[in-house]
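Each remark here refers to the structure printed beneath this line.
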Amino acid sequence: MQAKKRYILVFVSCAFLAYAYFGGYRLKVSPLRPRRAQHESAKDGGVQPHEQLPSFLGAHDMQELQLLQSNQSKSLDSSKHLVTRKPDCRMETCFDFTRCYDRFLVYIYPPEPLNSLGAAPPTSANYQKILTAIQESRYYTSDPTAACLFVLGIDTLDRDSLSEDYVRNVPSRLARLPYWNNGRNHIIFNLYSGTWPDYAENSLGFDAGEAILAKASMGVLQLRHGFDVSIPLFHKQFPLRAGATGTVQSNNFPANKKYLLAFKGKRYVHGIGSETRNSLFHLHNGRDMVLVTTCRHGKSWRELQDNRCDEDNREYDRYDYETLLQNSTFCLVPRGRRLGSFRFLEALQAGCIPVLLSNAWVLPFESKIDWKQAAIWADERLLLQVPDIVRSIPAERIFALRQQTQVLWERYFGSIEKIVFTTFEIIRERLPDYPVRSSLVWNSSPGALLTLPTFADSSRYMPFLLNSMGAEPRHNYTAVIYVQIGAALGPNAALYKLVRTITKSQFVERILVLWAADRPLPLKKRWPPTSHIPLHVISLGGSTRSQGAGPTSQTTEGRPSISQRFLPYDEIQTDAVLSLDEDAILNTDELDFAYTVWRDFPERIVGYPARAHFWDDSKNAWGYTSKWTNYYSIVLTGAAFYHRYYNYLYTNWLSLLLLKTVQQSSNCEDILMNLLVSHVTRKPPIKVTQRKGYKDRETGRSPWNDPDHFIQRQSCLNTFAAVFGYMPLIRSNLRMDPMLYRDPVSNLRKKYRQIELVGS
């Protein structure tokens, strides 16, 4: 009995000590914790709530988070009565992928009918440019059942209720749209949201629901990552297409220009956005740092001006804005009333490296573009550190940053069309079955818009990425002969001689003959023997066939078009394509030499017949000439090498208006191919040797003998330039010849001896 009491006493004592230790410790670490919270924690296994867990954020990160949360709470308080979108949208929850399985097409709602007063809802110039860019592109469809994306016919760019472009009654207009479905698969473009005095970022004045927002001045707490798209802010005069190219003409040493850092703009003596700009005078020294502001804007600036306004205005008038842009190494891009600024795009175009002073701003297309390669970040709260930041950047990085500003401007930001198409491609890459381009493709020239991932599984097959990836084009070439006249095939015929010459080349892999002539295909026995070289003959739609025609022949359907010579035929398996007219008179050495030159420049057109373009002041139009001058900008594809990717791009990327122009004229396809390649590479073609003529004059009738043929080509050139929005062709005076070409040495020392026998 005594032993039993002792055991009970020991057990009770241990239980009391355990309760005193563990219970007292929990009361000590959370003395103010509510009983209900303690009970819930006990049910969860004693896990502490996240508010009481230790933070691993640094002091700087904690300050940044507090600043963002305070700004967000102010914005929400100012517009808490507005529900502008579904906040938790993702592509998986707010987007119908089944609409996009076949093709990525965009439908635009038709304009609203006139109201009782005979007036239509207003549409701003910029929104009309967006609609025009889509309607004239390959994305557009007039069939809503085939569309993947829907674009509103209602102008939503400016949602500032004080603006003249503000469209009223948007909620009721959205309710009348037949395919609205709470915004699913819709995209809404917006540049300005909110109004004076708080300019709330999420104040659109309507519920966007599940629609994707393509919006300027987006903050990190407002952006639905992986769903919305941040776009740049652009002004009312921004061009629809192409527009001005980057203004950096050279990237020479020294890297620093006259001014190290510059800014010229207005400051706000009251209201949001005034804190940073009102302090910029501390950085201005008038020597290498020029940061000037003015108070002269708005209706009540005189009543609200502060003591510095007069001095700031005098200093402001001393400097020209364009001069500062062109002569500054860095350009400050502070936030204004909203996070974004026009100066961002202006600095990119001028090659003035942007120094961003806008905390929490999500940069345009940030999910794809690596902005560390083109911009510098600064902190609004650490304004006085900006001079030290820009002075610490080495010259080699300044070179790289400046170069990247030009790449991004020309490929993504130079026009409204490029901004809209980039937005579409970002959304397109979110689709489950569409291949995703690498960061290298997005952040190097020519950019993602001109790199179609459906062409090949790997980027190494793109001609302009071979050097950066340390790769070489695949060996050998495919000769493609376009037959338009179809003269009788015999040993003395130009086509017969051409096929025989090609078979002697050491680099040819296959010969493809495109028969577009009205005459029937020659019999198989009339073609020259090609030994081990496969010969394929394709009869283009509309031409006739004879029994047993062609060595390996097939027929396409429909009316033949001259653009069919640039179709991506399955028979073309090599990277190099040798494009030839049926009456070309080149020898084997000329073919081999041109191919070896092309292997060093696989992104360009390399060939023999050269032409030039020029600006005709008397006609205020572009001119085209075949005269022998000291420069050229076109190498005709009647005797030239190029990469097969350009066939794919020509067929699947070019505007349908351009292809229609070629088809209607049955001419100019070679000029269009030159414009395309120059647009992609921003480089001229390459002419080899001094050969001028390349056609057999005994062939007979030829479209080149038609006097209207030349006039037609000038008209085509101007049409192409108008559709591109600028003139892509680039002049060159470079010509490549073989080693010892025309030198007074023995012919036995020369590799390409037949070239020596060719006259001019």
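Backbone N, Cα and C define each Cβ position, glycine as well.
From a predicted model like this one, the values you see are computed outputs, not experimental measurements.
Positions annotated as active site by Swiss-Prot: Asp670. With a cut-off of 8 Å between CB atoms and residues at least 6 apart in sequence, the same chain places Ile634, Leu636, Thr637, Gly638 near Asp670 (active site), listed in sequence order.
In the three-state DSSP assignment, the secondary structure recorded for Asp581 (UDP-N-acetyl-alpha-D-glucosamine binding site) is strand. Long-range neighbours of Asp581 (UDP-N-acetyl-alpha-D-glucosamine binding site) (same chain, six or more residues apart, CB within less than 8 Å of its CB): Ile481, Tyr482, Gln484, Gly638, Ala639, Lys695. For Arg437, Arg565, Asp581, Glu582, Asp583, Glu669, Asp670, Arg713, the entry in Swiss-Prot reads UDP-N-acetyl-alpha-D-glucosamine binding site.
The Mn(2+) binding site annotation in Swiss-Prot covers Asp583.
Annotation comment: Swiss-Prot describes 541-560 as compositional bias 'Polar residues'.
Here Swiss-Prot flags 540-560 as region 'Disordered'.
If you average pLDDT over the topological domain 'Lumenal' (26-760) in this model, you get 87. Residues or ranges marked as topological domain 'Lumenal' in Swiss-Prot: 26-760.
Ranked by Cβ neighbours within 10 A across all protein chains shown, the binding-site residues Arg437, Arg565, Arg713 are led by Arg565. Around the Cβ of Glu669 (UDP-N-acetyl-alpha-D-glucosamine binding site), the number of neighbouring Cβ atoms within 10 Å comes to 24.
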